[in-house]
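A.B. asks: Below are the features listed in Swiss-Prot for this protein:
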DOMAIN    4-152  domain 'Thioredoxin'
DISULFID  C46-C85  disulfide bond
ACT_SITE  C46  active site, cysteine sulfenic acid (-SOH) intermediate
Amino acid sequence: MEKLEVGQLAPDFRLKNSDGVEISLKDLLHKKVVLYFYPKDNTPGCTLEAKDFSALFSEFEKKNAVVVGVSPDNSQSHQKFISQCSLNVILLCDEDKKVANLYKAYGKRMLYGKEHLGIIRSTFIINTQGVLEKCFYNVKAKGHAQKVLESL
């Protein structure tokens, strides 16, 4: 599987948030960006991961970092997910999976013992110059947010 490497310039993007407002990577680079890709809103692993990142929101802020989740869901799905789970992370819509492809976070993965094409749970730490500082691929949701925080 092809992966992005630490030291590379992070691929730029422009995606809509839960309110339908377009946000680019450049818009976020006033802080470090923790960009995490997840398969689907309101599913067990994705909910756990989003809640964990939200619970650590103030700790990420102390480290001058903003947390941004990306999935193929639409704005309405993100709004519902944010509301139901009291999330305080930014969620972006990558409905055509173009950004996931740029970050090598879309491809073959195992699901219930079978190979499927889908989002590969991945997280990237991007510095204020837009350079990848850390790349995590095929992560487990449980405990991941804490691991990312400790990597900052």
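Just so it is clear, glycine is given a Cβ too, placed from its N, Cα and C backbone atoms.
Note that the structure is predicted; figures quoted are calculated from it, not measured.
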A.B. asks: Taking only same-chain residues 6+ apart in sequence, whose CB is under 8 Å from that of C85 (disulfide bond), what do you get?
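C.D. replies: C85 (disulfide bond) has long-range Cβ partners N42, T47, A50, K51, S54.
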A.B. asks: May I ask which residues of the same chain, at least 6 positions away in sequence, place their Cβ under 8 angstroms from the Cβ of C46 (disulfide bond)?
C.D. replies: Y38, P39, K40, S71, A141
A.B. asks: How do the residues of the domain 'Thioredoxin' (4-152) split into helix, strand and coil according to DSSP?
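C.D. replies: Across the domain 'Thioredoxin' (4-152), the residues distribute as 46 helix, 48 strand, 55 coil.
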